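Annotated in TrEMBL:
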- 3-275: domain 'Phosphofructokinase' (DOMAIN)
- Gly11, Arg72, Cys73, Gly102, Asp103, Gly104, Ser105: ATP binding site (BINDING)
- Arg21, Ala22, Val23, Val24, Arg25, Arg154, Gly185, Ala186, Glu187, Arg211, Lys213, Lys214, His215: ADP binding site (BINDING)
- Asp103: Mg(2+) binding site (BINDING)
- Thr125, Ile126, Asp127, Arg162, Met169, Gly170, Arg171, Glu222, Arg243, His249, Ile250, Gln251, Arg252: substrate binding site (BINDING)
- Asp127: active site, proton acceptor (ACT_SITE)
Amino acid sequence: MKRIGVLTSGGDSPGMNAAIRAVVRKAIYHDVEVYGIYYGYSGLINNHIEKMEVGDVGDIIHRGGTMLYTARCEEFKTKEGQQQAIENLNKAGIDGLVVVGGDGSFHGAEALTSLGYPTIGVPGTIDNDVPGTDFTIGFDTALNTVINAIDKIRDTATSHERTYVIEVMGRDAGDLALWSGLADGAETIMIPEQPQETEDIVERLLRGHRRGKKHSIIIVAEGVGSGVDVAREIQDETGLETRVTVLGHIQRGGSPTAFDRVLASRLASRAVELLLEGESGKMVGLVNNQVVHKPIQTALEEKHKIDQNMYKLSQELSI
Ligand code: ADP
């Protein structure tokens, strides 16, 4: 393998830049040329490909977003789009590809692999919803962004003795809600993996109120539904003044935490090694603090799960 490519795809996440840096530096360390593909799979189809040098990834390890930009590309879901992508890669003499993204991007990587093109996936998404790794790149940063926001909301919630509903991202996964809820002592955590009856939530809130709690924080994962609807329902049912904050895209941005920078560096470097070892169709992940790899296919077939013990703990600690 003389030349490899790297792209970021789907939703961006903090730490993607650290992953790009690691791919570029690791490849050059092994005397392999690296090409950056801009705007995810669109760049493969439109031939937006540029050679990268050591200096091109200087001063990006601490920056959020992705210097290669990202995109969603419907055309790449078609056989024609995928074949065009491989034709462009072959024309550029690029022998293998590292794809940094979430499970949608992994479907794309699997498609390239099944057409015979060597591809390795690196999990990058704030949602932490990729099976096969304990953590995805960007999750820890997003989690810290969420708890910083909740800490601030808590101050005003206490002053006004209000109930606050906070909607966090995570698509169909509840990890951001669960972890931030545990980290911030939320009274209730609503996640798609663990449906709850509204009356149980109401009972819990009223019990706390009777005990003299000054405020309540309810974290709602977007996969459960709209925080606005939840807040309205809770106010109607409890009679407690309830406000809602939808944290939105601030969760995607910001300088990556040390954890995400280190995770990105470890996983992306391993992805390069795997390509050089002749592997394809694999994803890298962190399991029990060890860098591992497994077929992308198994990650796509498995269903994301939350840690049930953590959920139980969050319930026990918020009585
Ligand atoms: P994420 O990677 O964050 O989950 P998306 O689900 O939007 O983001 O996927 C990113 C891109 O991956 C899509 O826009 C598309 O180009 C590609 N992709 C997604 N699903 C498939 C698929 N089944 N086959 C081929 N490419 C896909």
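Even glycines carry a Cβ here, placed using N, Cα and C.
These numbers come from a predicted model, not from an experiment.
Sequence features, as recorded in TrEMBL, placed on the structure.
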{"residue": "Arg21", "record": "ADP binding site", "contacts (Cβ under 8 Å, 6+ apart)": "Val57, Ile60, Ile61, Ser265, Ala268"}
{"residue": "Arg25", "record": "ADP binding site", "contacts (Cβ under 8 Å, 6+ apart)": "Val54, Val57"}
{"residue": "Gly102", "record": "ATP binding site", "contacts (Cβ under 8 Å, 6+ apart)": "Gly10, Gly11, Pro123, Gly124, Thr125, Asp127, Asp129, Val130, Thr136"}
{"residue": "Asp103", "record": "ATP binding site", "contacts (Cβ under 8 Å, 6+ apart)": "Thr125, Asp129, Val130, Ala299, Leu300"}
{"residue": "Ser105", "record": "ATP binding site", "contacts (Cβ under 8 Å, 6+ apart)": "Ser9, Gly10, Gly40, Tyr41, Val99, Gly121"}
{"residue": "Met169", "record": "substrate binding site", "contacts (Cβ under 8 Å, 6+ apart)": "Ile126, Asp127, Ala142, Leu176, Glu222, Leu247, Gly248, Gln251, Arg252"}
{"residue": "Gly185", "record": "ADP binding site", "contacts (Cβ under 8 Å, 6+ apart)": "Ile217, Leu317, Ser318"}
{"residue": "His215", "record": "ADP binding site", "contacts (Cβ under 8 Å, 6+ apart)": "Arg154, Ala157, Thr158, His160, Glu161, Arg162, Thr163, Tyr164"}
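Taking a C-beta cut-off of under 8 Å and a sequence gap of six or more, Glu187 (ADP binding site) has these contacts in its own chain: Arg204, Leu205, Gly208, Lys213, Ser216, Ile217, Ile218, Ser318. In this view, the densest Cβ surroundings among the binding-site residues Cys73, Gly104, Thr125, Arg252 belong to Thr125, judged by other Cβ atoms lying within 10 Å.
Proximity of the binding-site residues Arg21, Arg72, Thr125, Arg171, Glu187 to ligand 1, judged by a Cβ distance under 6 angstroms to any of its atoms, singles out Arg72, Thr125 in sequence order. Using the Cβ center of Gly11, Arg72, Cys73, Gly102, Asp103, Gly104, Ser105 for ATP, the list of other same-chain residues with Cβ within 8 Å runs, in sequence order, Ser9, Gly10, Gly40, Gly101, His107, Gly108, Thr125. Within the group of binding-site residues (Arg171, Lys213, Arg243), the Cβ with the highest number of other Cβ atoms inside 10 Å belongs to Arg171. The shortest Cα-Cα distance between Ile250 (substrate binding site) and any of the binding-site residues Val23, Arg72, Cys73, Gly104 is the one to Arg72. Take the CB of Gly11 (ATP binding site) and look out to 10 A: across all protein chains shown you find 21 other CB atoms. A strand conformation is recorded for Arg243 (substrate binding site) in the three-state DSSP classification. A simple way to gauge crowding: the CB of Asp127 (substrate binding site) has 27 other CB atoms within 10 angstroms, across all the protein chains here. Counting every protein chain shown, the Cβ of Arg72 (ATP binding site) has 15 other Cβ atoms within 10 Å. Cys73 (ATP binding site) sits 19 Å from Arg171 (substrate binding site), taking the C-alpha atoms as the reference points. Remark: of the binding-site residues Val23, Ile250, the most isolated position is Ile250 (fewest other Cβ atoms within 10 Å of its Cβ). Cα separation, Arg72 (ATP binding site) to Arg171 (substrate binding site), rounded: 16 Å.
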